[in-house]
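Annotated features in Swiss-Prot:
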DOMAIN    3-247  domain 'KaiC'
BINDING   GLY30, GLY31, PRO32, GLY33, THR34, GLY35, LYS36, SER37  ATP binding site
Amino acid sequence: MVRRVKTGIPGMDEILHGGIPERNVVLLSGGPGTGKSIFSQQFLWNGLQMGEPGIYVALEEHPVQVRQNMAQFGWDVRKYEEEGLFAMVDAFTAGVGKSKEYEKYIVHDLTDIREFIEVLRQAIRDINAKRVVVDSVTTLYINKPAMARSIILQLKRVLAGTGCTSIFVSQISVGERGFGGPGVEHGVDGIIRLDLDEIDGELKRSLIVWKMRGTSHSMKRHPFDITDKGIIVYPDKVLKRGRIYEL
């Protein structure tokens, strides 16, 4: 039996036929505004509610901003940080300014993937993490796309070895067909793609599970909403040819 990690996102575990297989590294790919960060933060928060410690690696936003964004959905992680159940890895500020006073885990040189991995590994050990989010992994190879797959594989080796189940947020530009970075889709166990499409003059959100090692899953494109409590996915609805149909 494959052990599964529940995302806890309403509707999502149904689409994944029970959740993400344990130790999988999932690429969460999408354009701007599709809800990638919210999805990954909700995954971590729900883990905390299930007693699974988690780590958020902030590469795109200041850690303070990330905490504020999460708190807007009612996901206040500070208590869990104090209890040693949640850790933020600051890979955004490089320790410039006030961060070095109150962030425990700081990556100073993003071009040094070994430093990045060492800081992450330390954080995982310290809190015995079960879930890890890297937001976004694209930042690690934005200036050296040829390294994308190699970087993904290095990270995956470390994370799977520690027993963590992970989400790598991957940015793609509007209308781009791939998953962000050459070959990255071959280096991961799963791919979930979030989309925002203009249909009849209105933006509609949908997601599709492109692949997921270790489990069957829905092959359909499902609509989802972002509410004040986070993401809700509709497993009983499908988006096709611009229209939403009940299954």
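Each residue's number is its place along the chain shown, starting with 1.
From the backbone N, Cα and C atoms, a Cβ is placed for every residue, glycine too.
Distribution of Swiss-Prot features across the structure.
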| residue | record | Cβ neighbours (10 Å) |
| --- | --- | --- |
| GLY30 | ATP binding site | 24 |
| GLY31 | ATP binding site | 18 |
| PRO32 | ATP binding site | 10 |
| GLY33 | ATP binding site | 12 |
| THR34 | ATP binding site | 24 |
| GLY35 | ATP binding site | 20 |
| LYS36 | ATP binding site | 25 |
| SER37 | ATP binding site | 21 |
What three-state class does DSSP give PRO32 (ATP binding site)? coil
Other residues, Cβ within 8 Å of GLY30, GLY31, PRO32, GLY33, THR34, GLY35, LYS36, SER37 Cβ centroid (ATP site): GLN171, LEU194, LEU196
